[in-house]
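Sequence annotations record features per position, and here Swiss-Prot assigns Zn(2+) 1 binding site to Cys57, His456, Cys464, Cys466 based on sequence analysis. Taken from Swiss-Prot, the feature Zn(2+) 2 binding site applies to His444, His446, Cys452, His482. The disulfide bond annotation in Swiss-Prot covers Cys92-Cys224, Cys134-Cys162, Cys205-Cys211, Cys269-Cys282, Cys353-Cys374. Annotated N-linked glycosylation site per Swiss-Prot: Asn83, Asn95, Asn164, Asn176, Asn354, Asn362, Asn379, Asn384, in sequence order. As annotated by Swiss-Prot, N-myristoyl glycine applies to Gly2. Feature annotation from Swiss-Prot assigns transmembrane segment to 18-32, 34-53, 422-442.
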Amino acid sequence: MGQFISFMQEIPIFLQEALNIALVAVSLICIVKGLVNLYRCGLFQLMVFLVLAGRSCSEETFKIGMHTQFQEVSLSLSALLTNQSHELPMLCLANKTHLYLKSGRSSFKINIDSVTVLTRSADVFVHSPKLGSCFESDEEWVVAWWIEAIGHRWDQDPGLLCRNKTKTEGKLIQINISRADGNVHYGWRLKNGLDHIYRGREEPCFEGKQCLIKIQPEDWPTDCKADHTNTFRFLSRSQKSIAVGRTLKAFFSWSLTDPLGNEAPGGYCLEKWMLVASELKCFGTLQCQVQPKSRLRVCDMLRLFDYNKNAIKTLNEETKTRVNVLSHTINALISDNLLMKNKIRELMSVPYCNYTRFWYVNHTLSGQHSLPRCWMIRNNSYLNSSEFRNEWILESDFLISEMLSKEYSERQGRTPITLVDICFWSTEFFISTLFLHLIGFPTHEHIRGEGCPLPHRLNSMGGCRCGKYLPLKKPTIWHRRH
């Protein structure tokens, strides 16, 4: 878009060149002829026929009245099941026997068997939703929520057993749902809760046998997909609402600045900012000395920055001084070397330069000239111009070549590359549409020997494809024009 705007702004300038006018004329002719060829080839008419044919046979939407229509809308609930902390949980049933639970970055596996792992004497006995001794804070609320969702009541039902999270065996919680003696109603209630949130699971517990639920952290299996229906069942089983509180973290920041607010590593001001709002607090050298003891660390840090700043400044000054001394030494050596070379050439009668007289080639028509070159001396007298005739002839050739190259570059610069691209692609467009015009496309289909049944699309039996008209059993043919 920027290139096109620049091209439009430069139209009055580049139209001053005859070549640019020719390129514009060729581009316009090719575009116009290409559009004419594209229209005459029948491609547009064929596309319009294929799009509109048969539209009168059916409606796009089901209309109930004049201004009422039957429509639908779909919602994507995948955003509710994100992989962040304190989000809605996901449940999975793998192979009808393996139960899984996931919320945020924590995932768990639920096993139901008859093997006793935890005992009341060696492990932790819990009878409240506070499971801090069993799981981490991010996992504690998820497990407590799941236990309540399957029907456990902390104030009425038996307590649970869990392994201390500091043990190396791993985190684990055990629930006894054996339907025997006085535990039968409790076991049936938790079983119904499991059947509700894990639809289609197989029951591994049998009457009269011990049955235990074990919950332990485990990676979420790859074959488990996010299903919001399981989450809805889980939420419907919950007995209370959970409001998760969120706090802002790392919202404010501080930086060292000068009194004007510009960032400076050695500044004595602290700038507190939040997005665009800021607050500036400055500490001078004398103010630092009278600050309370709680702010001595801030003062020491500012003094350290000031010391480092002065050290860097001193190092830069010393470096500049040494570089200048080295440059003067090198220049002196070069000057001595040139003087010695000229003296040797004078002794050997070799032409040399004394840097007092120079020659150059001047182009009188354009006023341009070449770079000055030294006029050589031999035996204390300047050389005759005929003695270095080849040199100034070559210099004149170089000058003319440079002038021609510069003029060519200026002419090229006055022809925008966008105009060249337009001319090239318009020519390609014209050639392509010319072939399409020579080939030709059929524009519609109708019954042979009869009129055009537009906008209906016919089948091989001469009837409308949508079924509005009965098959006439007549041959059809494609025509190019109406």
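Backbone N, Cα and C define each Cβ position, glycine as well.
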Near Cys134 (disulfide bond), which recorded positions out of Cys92, Asn164, Cys211, Cys374, Asn384 have their CA within 10 Å?
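For Cys134 (disulfide bond), the recorded positions whose Cα atoms are within 10 Å come to Asn164.
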If you compare CA-to-CA distances from Asn95 (N-linked glycosylation site) to each of the recorded positions Asn164, Asn176, Asn354, Cys374, Asn379, which comes out shortest?
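Nearest by Cα distance to Asn95 (N-linked glycosylation site): Asn176.
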C-alpha of Asn164 (N-linked glycosylation site) to C-alpha of Asn354 (N-linked glycosylation site): distance in Å?
97
Which recorded positions (Cys92, Asn354, Asn384) fall within 10 Å of Cys374 (disulfide bond) by Cα distance?
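Cα within 10 Å of Cys374 (disulfide bond): Asn354.
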Looking at Cβ-Cβ distances, which residues of the chain lie under 8 angstroms from Cys162 (disulfide bond) while being 6 or more apart from it?
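Listed in sequence order: Leu118, Asp123, Val124, Val126, Leu131, Ser133, Cys134, Phe135, Lys171, Leu172, Ile173, Gln174.
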In the structure shown, with every protein chain counted, which of the glycosylation sites Asn354, Asn379 has the densest set of Cβ atoms within 10 angstroms of its Cβ?
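Counting every other Cβ within 10 Å of each candidate, the maximum falls on Asn354.
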Quick one, of the disulfide-bonded residues Cys92, Cys134, Cys211, Cys374, which Cβ has the fewest other Cβ within 10 Å?
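Taking Cys92, Cys134, Cys211, Cys374 as the disulfide-bonded residues, the minimal 10 Å Cβ count falls on Cys374.
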Rank aside, I only need the closest one: which of the recorded positions Cys224, Asn354, Asn379, Asn384 has its C-alpha nearest to that of Cys211 (disulfide bond)?
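Checked the recorded positions Cys224, Asn354, Asn379, Asn384; minimum Cα distance to Cys211 (disulfide bond) goes to Cys224.
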